[in-house]
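Enquirer: Copying in the features that TrEMBL gives for the protein in this structure:
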- 102, 103, 104, 105: substrate binding site (BINDING)
- 124, 125: Mg(2+) binding site (BINDING)
- 170-189: region 'Disordered' (REGION)
């Protein structure tokens, strides 16, 4: 299903912001984003290779202050404990300047059969991710590595990911609120908590978290929404107006 349809369904199920995790986007362009048949221009085939879906394996990073709690190189790296088909979800301190994921991590993830990584923070070695055809989603990138800057402290524990506005300095937040004081609508994103084994979906449009206890309802409603969407598309392409299309296939006139 399209990520937008999943988010719409989650809104109907009263999941805040439709499960959308803002400000995290695809950082690379996998080589196989198009099927091996280069003459095939089917958009669905092209898009499907950007889309990932799997269970979350959560990792929390903190600043490395050089204390003795830093793991030694002989201890098992967290990545070696992740199960096949999982999606690694990493949360780093919001003002960290280093990457928490690089080319070697992608190489290991590829061997393990992982589906992708979602980073509330930065990554590096973008070319490596391209060459290995491994989807990496992050807030941004950096040339700095993890060593001496941050370290993992927890795995498979709930993570709370905050939108960018929540990470602004208080002075900037106050100024923005002042500038928008005449707008009474509440459009601010709220923090998203990701639990281990929640379902994560991501593509070039963004990242969505599906609570694991809602997956059956989401699948059922998405099937209905997908059929409506296809009918609308066919009707519009046949020359009908948006107004006519929505009147025929949607219960309301809202888009």
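Cβ coordinates are placed from backbone N, Cα and C, and glycine is handled just like the others.
TrEMBL does not curate its annotations; it predicts them automatically.
Source: prediction; values computed, not measured.
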Enquirer: Please report the distance from the Cα of residue 105 (substrate binding site) to the Cα of residue 124 (Mg(2+) binding site), rounded to the nearest angstrom.
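Expert: So the Cα of residue 124 (Mg(2+) binding site) lies 10 Å away from that of residue 105 (substrate binding site).
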Enquirer: Quick one: which residues besides 102, 103, 104, 105 have a Cβ within 8 Å of the substrate site's Cβ centroid, in sequence order?
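Expert: Result: 101, 106, 107, 108, 124, 125, 128.
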Enquirer: Around residue 124 (Mg(2+) binding site), how many other CB atoms lie within 10 A of its CB?
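Expert: 23, counting other Cβ atoms within 10 Å of residue 124 (Mg(2+) binding site).
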Enquirer: Within the chain of residue 104 (substrate binding site), which residues six or more apart in sequence place their C-beta under 8 angstroms from its C-beta?
Expert: none
Enquirer: Around residue 125 (Mg(2+) binding site), how many other C-beta atoms are within 10 angstroms of its C-beta?
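Expert: So the number of other Cβ atoms within 10 Å of residue 125 (Mg(2+) binding site) is 22.
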Enquirer: I'd like the Cβ neighbour count for residue 103 (substrate binding site), meaning other Cβ atoms within 10 Å of its Cβ, all protein chains included.
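Expert: Taking every protein chain into account, the count is 17.
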Enquirer: Give the residue from the binding-site residues 102, 105 that has the most other Cβ atoms within 10 Å of its Cβ, counting over every protein chain displayed.
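Expert: The residue with the densest Cβ neighbourhood is 105.
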